[in-house]
Amino acid sequence: MGRMAVAAIVSLWIVPVSLTVNRIVPDPYMDEIFHIPQAQRYCRGDFKTWDPMITTPPGLYYLSLAYVASLFPGMWFAKGIQSLPELCSTSFLRSTNAVMAVVCSVLVYDLLISLSPSLGEKKATFYAVLIALYPLHWFFTFLYYTDVASLTAVLAMYLASLKKRFLISAMFGAIATLFRQTNVVWVAFVAASAAISYVEDLCGKDRVNLMYKKLKIDGKDVNKNSSAVVPTLRKRRMGASTNPSQLTNSKVIRFLPLNDSGLINEIVELTLKLWRLKWKVLVTFFPYLLVLLVFGALVVLNGGIVLGAKEDHVVSLHFPQFMYFGLAAAAALAPAHFTLGQASTLWQSVRRNKIGNFVNLLASLVLCMIFVHFFSIAHPYLLADNRHYTFYIWRKLIQAHRSMKYLLVPVYVYSWFSVTTALGKAQKKVWVLLFCLANALVLIPTPLIEFRYYTIPFYFLILNSKIEENIKWIVIGILYASVNIITMLIFLYRPFQWDHQPGIQRFIW
């Protein structure tokens with residue numbers, strides 16, 4: 001069990017499904033009509049021609065070029081292929097994402113082990129395989145889109161940061177921005193998360209050293225009393241209460257008991273630690289800062305974050321997009337969020353502070369009502385192409401009745417409440433706040449409702465959610481597999497065709 005097992009199991013479905021897709025759908029599909037010709041230009045050495053309909057950077061095309069070039073000598077020897085462009089067929093370019101999907105599954109395995117060392121290889125293998133079935137990631141493994149490579153780069157950045165290899169992490173972050181511009185937000189998120197862990201570790205070491213010095217000053221033999229000292233230090237490093245007078249020093253900050261403190265206390269404590277260690281943090285995390293600065297400069301030079309089709313991708317205040325993600329993410333983990341047990345847990349947490357939580361709940365409902373009333377956006381792309389699930393969700397659910405978008409607000413609020421509660425069991429409140437802010441920065445400016453935009457934040461969510469019951473994972477896997485099978489059967493055997501009636505621009509079955 002382990003990395004090899006995950007790679008082998010994921011390959012068992014990627015290879016046959018890829019062959020089937022390329023046999024039945026050999027021509028570029030949907031956005032592939034833009035990406036594949038552009039990649040083929042790169043294969044011919046034409047790096048100056050750019051399709052103005054492409055909005056994302058050329059990272060995927062460079063990756064495919066490197067991938068094809070690495071295979072060219074062997075293919076030339078085996079099949080007599082005379083030139084590199086001959087390898088840049090639709091099926092071969094699609095295989096780039098197939099390879100990336102296998103790498104991505106291995107990264108998920110390593111992340112699970114890093115985030116939960118007690119998980120064990122067998123469970124980590126099982127969970128990684130199930131996560132690889134996540135429908136939005138699974139389906140686009142077989143098409144030439146930027147999503148799979150983008151996710152892989154972001155996860156590689158996250159894993160390197162957890163292993164304290166910050167330079168390598170920043171390099172993967174730079175690569176991630178070459179696939180999707182919004183990945184710069186996840187670069188900032190990973191950097192901030194790593195900085196929090198970094199200062200916590202440094203301050204933890206200071207606290208241990210101070211305790212040992214205090215014991216020596218008091219005339220106690222540390223070695224003889226190690227059995228009593230070590231458990232105490234462990235408890236205090238885990239956030240147990242300490243006497244501030246024992247830790248007050250010109251070089252040491254008071255350590256608040258995080259388990260008993262609120263978000264404000266966490267922010268205050270973290271700010272003090274960051275200020276004290278500002279130069280160490282700045283030097284250590286400068287590679288991330290450099291990525292952010294270079295990206296900002298390129299945005300200024302480009303005149304905006306979008307490369308092409310700027311008129312159709314204008315930055316908007318699309319607040320409901322943030323709410324849609326909460327519901328979509330909770331629904332994707334329905335066995336963990338939409339259960340009577342979870343509803344009861346959330347209700348009990350509300351009852352602990354009735355007045356405060358009631359006010360927060362009421363404010364959330366009112367704010368979300370305002371958002372859906374004034375900021376709901378129906379992008380032209382959403383209404384123009386009925387090959388997306390979002391087309392039917394918008395037409396048949398959200399727009400089924402004028403009151404429907406308001407009736408869904410309590411579901412949005414419940415979903416986010418459940419998601420943040422689940423994350424709060426595994427991460428600090430500050431981390432959860434940063435996660436929410438990162439989602440807001442990625443999703444709110446985006447006018448188009450597109451579930452593919454939810455993939456990266458969903459992976460951060462599921463990797464940091466402590467879903468311990470195997471039965472929940474099994475149900476999640478069954479749900480994912482069912483959606484994948486139905487979607488692929490429709491895609492392969494119920495193809496869409498253009499309706500050529502005058503004045504109608506839609507696909508028919």
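Cβ atoms are placed via backbone N, Cα and C, with glycine included.
Annotated signal peptide per TrEMBL: 1-20, in sequence order. The transmembrane segment annotation in TrEMBL covers 59-78, 98-119, 125-145, 157-179, 281-301, 321-340, 361-383, 403-423, 430-451, 471-493.
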Long-range neighbours of the transmembrane segment (98-119), counting only residues six or more past its ends (CB under 8 A): 2-3, 6-7, 10-11, 14-15, 18, 63, 67, 125, 127-129, 131-132, 137, 141-142, 148-149, 151-152, 155-156, 158-159, 162-163, 426, 459, 463-464, 466
Surrounding residues of the transmembrane segment (281-301) on its own chain - C-beta under 8 Å, 6+ positions past either end: 166-167, 169-171, 173-174, 177, 181, 184, 187-188, 190-191, 194-195, 198-199, 274
Chain residues in Cβ proximity to the transmembrane segment (361-383) (below 8 Å; excluding those fewer than six residues from its ends, i.e. six or more beyond): 312, 316-320, 323, 350, 390-391, 394, 398, 405-406, 408-410, 412-413, 416-417, 447-449
Long-range environment of the transmembrane segment (125-145) - Cβ separation under 8 angstroms, sequence gap at least 6: 1-2, 5-6, 9-10, 14, 17-18, 21, 28-32, 35-36, 39, 60, 90, 93-94, 96-98, 100-101, 104-106, 108-109, 112, 119, 151, 332, 451-452, 454-455, 458-459, 462-463, 470, 473, 476-477, 480-481, 483-484, 487-488, 491
